[in-house]
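Record features, source TrEMBL:
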type	residues	note
REPEAT	42-75	repeat 'TPR'
REPEAT	110-143	repeat 'TPR'
REPEAT	224-257	repeat 'TPR'
REPEAT	270-303	repeat 'TPR'
REPEAT	308-341	repeat 'TPR'
REPEAT	342-375	repeat 'TPR'
DOMAIN	395-465	domain 'J'
Amino acid sequence: MPTTTVATPLPSIGKMATVDCDDVNMDPDMEFLSDEELEREAEGFKEQGNAYYIKKDYSEAYNYYTKAIDMCPKNPSYYGNRAATLMMLCRYREALEDAQQAVRLDDTFMKGHLREGKCHLSLGNAMAASRCFQRVLELEPDNSQAQQEVKNAESILEYEKMAEIGFEKRDFRMVVFCMDRALESASACHRFKILKAECLALLGRYPEAQTVASDILRMDCTNGDALYVRGLCLYYEDCIDKAVQFFVQALRMAPDHEKARLACRNAKALKAKKEEGNKAFKEGNYEAAYELYSEALTIDPNNIKTNAKLYCNRGTVGSKLKKLEQAIEDCTKAIKLDETYIKAYLRRAQCYMDTEQYEEAVRDYEKVYQTEKTKEHKQLLKNAQLELKKSKRKDYYKVLGVDKNATEDEIKKAYRKRALMHHPDRHSGASAEVQKEEEKKFKEVGEAFSVLSDPKKKSRYDSGQDLEDDGMNMGDFDANNIFKAFFGGPGGFSFEASGPGNFFFQFG
């Protein structure tokens, strides 16, 4: 960084005149020039600097203004010009030092105050900037540039207040908006950039946050805030080990960085608890795994990606524990946190299948297949669509009250029980409405038995095929014929009343 302090006299050089130009380190040929000649040389360097400035060759302009300062270190305009050049090179901190030196040498130097204010503003110090612009207006009340810059400073202060409130309310989008507006005037303010980057990370916009932090680290590799944001992005992307490395590095650069300390502690705790849950799950200790995943979910609600995995893991445990509705709820929470989380969709879809919510299962499998068109996902979708189709028909297993894996004997026993329960003769003394309902159920029981007792029809039914393709028209079905055939024909049994509403069976 270029120095703006006046050099001390060399021991070998006698004391020189100090009217305008103090003793400085300079070319030996310049040692014995008069003050007037030094000023003339300095003006020449300044003019050359001006020429390069006009050409936008700011590096060369900087060199010549520096030579002018070396000649006459008490000329405020030289510092003012070099400050302007440094501002064009975006070296605002150095520019600020030059501008401050210029107004120390001449408090009435209006351009010096204006440039100092602009440097403060670019660096995000709106209060200091406002004081500088107010000084300009004292010197030149109608200065329109200063008037506008005062408004800019006030706007930045207002955006800072809004951002602070937004952050407290966890309205991170508002904070990003405010920082973007503030950075239009305070383009070199690392504090605003860091706050924006942190909120981008909290919003899950990790590449943008990484870019902001990396830009700062390119200029200052020891910036603890930027190191913290880099770690935060990795932490929220579930790269916990790498994240911890950045948090530790941030704490080395800034030992009092409380956010880095907290994030480091959370990252380590989250990793440990998740690993404990995984270990319990692998060992088949599902109750313990469920509790450990639940504890992990309380560590950091901001870690969206890791929490999505934890919810999905807990959903998997829930399905193992036959808590299917709870498992569905956990998978839904995981998907809400991460809409691209395929594993959560697959787990939820399987739970929907297990609870016979086939439409929901089809919807999830469709989402998965649209994202990853694999043979496995295609087959899962096909199976769910088949079950959905089957679910829209009469469920003959439910009609008989048997499991889908029921044996032939179990199906016969169930038919015997249900057929006798709903036989019209048994309800001959009931109201017409009840008789009609029981007759309907009797017919359904016979229909179910006729299908499930026939291996070919049962196979077609189980595979989801239409039974009508076999020429079986259920509309023409006669439940009485099935009943008579099952019980051995006419006279095989009879219903006899033993009183109103009471019946017993008489078998031949």
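Yeah, the Cβs are placed from backbone N, Cα and C, and that goes for glycine too.
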What parts of the chain pack near the repeat 'TPR' (342-375), using Cβ distances under 8 Å and only residues at least 6 beyond its ends?
308, 311-312, 315-316, 319, 324-325, 327-328, 331-332, 334-335, 381, 383-385, 387-388, 391
Mind checking which residues of the chain, 6+ beyond the ends of the repeat 'TPR' (308-341), have their Cβ under 8 Å from one of its Cβ atoms?
238, 274, 277-278, 281, 286-287, 289-290, 293-294, 296-297, 347-348, 350-352, 354-355, 371
Should anything in the same chain at least six residues away from the repeat 'TPR' (110-143) have a Cβ under 8 Å from its Cβ atoms, list it; otherwise answer none.
76-77, 79-80, 83-84, 87, 92-93, 95-96, 99-100, 102-103, 149-150, 152-154, 156-157, 160, 182, 185-192
Per DSSP, what is the residue tally for the repeat 'TPR' (308-341) in helix, strand and coil?
27 helix, 0 strand, 7 coil
Tally the residues of the repeat 'TPR' (110-143) by DSSP class, grouping H, G and I as helix, E and B as strand, and everything else as coil.
27 helix, 0 strand, 7 coil
